[in-house]
Amino acid sequence: MPELPEVETSRKGISPHLINKSVQNVVLRHTQLRWKIPQDLLSDIKDKILLSIDRRAKYLLFNFTSGTLLIHLGMSGSLRICPLNSPPKKHDHADLIFADCLLRYTDPRRFGAILWLGLTPEDSPLLNKLGPEPLNDDFNAKYLYQQATKRKLPVKQFIMDQKVVTGVGNIYATEALFNSGISPIRAAGNISEKRYQILVTEIKEILQQAIKQGGTTLKDFVGSDGKPGYFQQTLQVYGKTGQQCPSCETPLKAVKLAARASVYCPECQS
């Protein structure tokens, strides 16, 4: 699933091609994604200027003069800039057509979303309960420690809760916990503010490095230029159950938390 770095990579890749341009047409080949694409989407954005593209958590927000379009990449989605009249492939479900290029939405598993939020996107139930962005200053050790008070939830699930902090998915939570020396199964409320400071620093550093490297491509994700990300080459423990810990050579273990495998070192993480 594309996580925050992959979504931010997409945003940075497509923005220079589309900002301050107007949509000429919309082509919908398959409208049933996670939710059905609005049939009147064309009337909402045709001839409207795209002012900016923002990211909130794992959502992309296309801010037009007429309102905001939300795009979510789901489990396997991607956005690409293509020349006009580029022939679509099997999983290319939607195109936003501009004067000199088109934005193509591809989603093999069709678990993403294209939704019109109108002029008050902040009122959307998808956005109005999200926690702070992990790269912003309001996501800090004091905040995380306060949120964790008396919480018995494993810390891995805690930092993946979108109401606590947005956009920290399985890959980057696993890596940040390893770098912090914190076991994913330790209760969130049983971690000191000092250790949360280490964890917050690692989360920010890992996300920033992943963005610089174009995200992580494990299966489906490609950037707006069709190229994969390269952060997977620096992963230390994610997806490496049974391999040696890069620090102490102890075999890495995996535990299932909320239906997701979490790989960790039983010696280095406590």
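Note: Cβ is positioned from N, Cα and C throughout, glycine not excepted.
Worth saying up front: this structure is predicted, and the values here are computed from it rather than measured.
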Have a look at 26-60, 166-200, 236-270 and point to the one annotated zinc finger in Swiss-Prot.
236-270
Rounding to the nearest whole angstrom, report the longest C-alpha distance spanning H91, R109, R151, listed for DNA.
42
Rounded to the nearest angstrom, how far is the Cα of R260 (active site, proton donor) from the Cα of R109 (DNA binding site)?
19
Looking at the recorded positions H91, R151, R260, which has the shortest Cα distance to E3 (active site, proton donor)?
R260
